[in-house]
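Student: Got a structure for you, written out below as C-alpha cells; questions coming shortly.
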C-alpha cells in the first residue's frame, strides 16, 4: 500500500497571500490549453480556417469565465442544491472548493457559442478547434485534486499494488468499515484500519488523469490532425470524456451527500450518459452531413 503524501494545500506564500495548489493547477491547465491551441495552428487545414494566436487568447478569456461560472453553478445545482438554496451567500465561497466538470462543460459551451457569434463562425467550428485543448486542462485539475488528497476512490483490497491510504478519508473509512464488515473480513481490512486508521482506496484522481487527460488528449490530437466533418471532433470529445468518466466513477467514491442513485450509478455517471448519447448522435450527423469547416 502507498500512503498519500498529504501535501500542504498551499503551494506558495506571498506575504498575506496564499496560492493554493488547486488554483495553481487551474492556471497550469489554461496555459497548457494555450500551448496545445498554438500547436494546432501549425496544422495546414487548421491554418486554412483562418485561426490565429489572438483567437486563442480571446477564446481563453471566454473559457475561463465559462469554467469558473459554469463549474461553480453546476456544483451548486447538480450536487448540493438544497444546501445552497438555504445558504445562498456560500455560493460565492469558491475558495472552499466545489466545482463540477459537467457544469464547467456547459459554461464553456455557452461561452464558445458567444465567441462564435461575435466572430461570425459556426459554433461547432469553434468547439472542434477547442476540443483537443481541453484534456490537458482536465489532467491538471485532477492533479490538483490528488495533491489536495480529495475526491479519492472507493475502498479496495490492500493487496492491490496501487492501493493508497488517504489521511483525509479517515472519517469516511471508519463509517465504511462499520457498514461493510463482510468485505472487511474478506480483505482483512479491520487489521489494516487498526494499524493505519485508514483504509486502502483507489487513487481515482490518477485514473482520471490517465483516461480523461492523457488518453483523451492523444485520441483527439491524432483524430484532429486530418480534416474532419464539422462537429466530428466535438462529438469524439463528448464520447471520449463521457466514457472515461463513466468508467472511472466505478472506482471513485460517490459524494457522501448523494451516494449512489438509480441503478447504483453515481451522479457523475448519470451526467456522463447524455454526453455519450449526444456525442454518438453528433458523430452520425457530422459524417452524414459531410464536408469540413469552411476555409478563411
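Each Cβ is built from the backbone N, Cα and C atoms, and glycine gets one as well.
Not my notes, these are from Swiss-Prot:
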type	residues	note
TRANSMEM	17-37	transmembrane segment
TRANSMEM	59-79	transmembrane segment
TRANSMEM	97-117	transmembrane segment
TRANSMEM	230-250	transmembrane segment
TRANSMEM	265-285	transmembrane segment
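I'd like to know what surrounds each of these features in this structure.
Tutor: Remote same-chain residues near the transmembrane segment (230-250) are listed as 101, 122, 124-125, 127-128, 131-132, 134-135, 138, 154, 204, 207-208, 211-212, 215-216, 219-220, 223-224, 265-266, 268-269, 272-276, 278-280, 282-283, 285-287, 289, 291-293 (criterion: CB distance under 8 Å, separation of at least six residues from the stretch ends).
For the transmembrane segment (265-285), the list of distant contacts is 78-79, 102, 105, 231-232, 234-243, 245-246, 249, 252, 254-255, 258: same-chain residues at least six beyond its ends, Cβ to Cβ under 8 Å.
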Student: Near the transmembrane segment (17-37), which residues from the same chain, at least 6 beyond its ends, have a CB less than 8 A from one of its CBs?
Tutor: 7, 9-11, 56-57, 59-60, 63-64, 67, 95, 97, 129-130, 132-134, 136-141, 143-145, 147-148, 217, 221
